[in-house]
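Undergrad: In case it helps, TrEMBL gives these features for our protein:
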- 18-35: transmembrane segment (TRANSMEM)
- 47-65: transmembrane segment (TRANSMEM)
- 71-88: transmembrane segment (TRANSMEM)
- 100-117: transmembrane segment (TRANSMEM)
- 123-142: transmembrane segment (TRANSMEM)
- 154-173: transmembrane segment (TRANSMEM)
- 179-197: transmembrane segment (TRANSMEM)
- 209-231: transmembrane segment (TRANSMEM)
Amino acid sequence: MAAYAAIYGGFAFPPLQVLDWIPLLLLGVLIVFSIDDARNFSPGVRVSLQGVFALSMSSLLLWPVVSQIDFMRTTFTVSGVAVIWFGLWTHADQSAQRNAMSGVTIIAAAAGVAVVSTIMGSILLGQLGAALASALSGWLLWHCLRVQCPMGHAGTAVAMVTLGCLLLVAHFYSELSMSSSLLLLAALGANLPVSLLQRSQPGLSTQRAAVLTGLAALVPVAIAIAITVLFDMSEDSGYGRY
């Protein structure tokens, strides 16, 4: 939120624009899931809260878009986005509790959002994405070199809600292509094949698994960046969207 205030120039309440909802959503998940870290909610309660916040994020950020369409399409769009992000959030949270190094997937996705947003000319989104990637990279370095400092449920919640907000705004308001958006989402699941590899090779170290996860996450991110560059070049040359 400090990076948001520095980059965006402060907070607006009540929210006047889509991005103005980000600090409120972050404050909400930070409070709720910090209590979770302290009190250790049951899995059912935790998952329910993640679902509520995923639906709230989708509804608030997409309202300017869906308010212009019919009820069925509105319901499908908002619920579809909420379900996708709910699934990714629960996966990231469970992965982070098992192995903190799995956070490299969020770093890769955040860096990807920063790059593609900058290419599209959305400098503000690029700066916010870079701030998220930098903060998570600093945490990961501290975790590796100094002390064991897991993200916890609160840290994962803040990272995933921030990333989700940036991706939604980039796709629905800044014309990030569907293919690039899906590829950046795919980066969040890059630890799945590495987890399977660890099961088949129990001797694989945590550090090596983290490196493999990072490399696997960079593949869809690199493709998303390439697609965005090609799209930007096609618009500049006058051929339009492909």
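Heads up, the Cβ atoms here are built off N, Cα and C, so glycines get one too.
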Undergrad: For the transmembrane segment (71-88) and the transmembrane segment (18-35), does the number of C-beta pairs under 8 Å, pairs 6 or more apart in sequence, reach 3 or more?
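TA: No, the stretches stay apart by this measure.
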Undergrad: Quick one: find which recorded stretch in 18-35, 47-65, 123-142, 154-173, 209-231 has the most Cβ pairs under 8 Å with the transmembrane segment (179-197).
TA: 209-231
Undergrad: Thinking of Cβ pairs under 8 Å, which stretch from 123-142, 154-173, 209-231 has the most of them with the transmembrane segment (47-65)?
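TA: Of the candidates 123-142, 154-173, 209-231, 154-173 scores highest.
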Undergrad: Same chain only, please: residues at least 6 beyond the ends of the transmembrane segment (209-231) with a C-beta under 8 Å from a C-beta of the stretch. Say none if there are none.
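TA: For the transmembrane segment (209-231), the sequence-distant neighbours (Cβ-Cβ under 8 Å, at least 6 residues beyond its ends) are 99, 101-102, 104-105, 107-109, 111-112, 115-116, 119-120, 176-177, 179-181, 183-184, 186-188, 190-191, 193-194, 197-198, 241-242.
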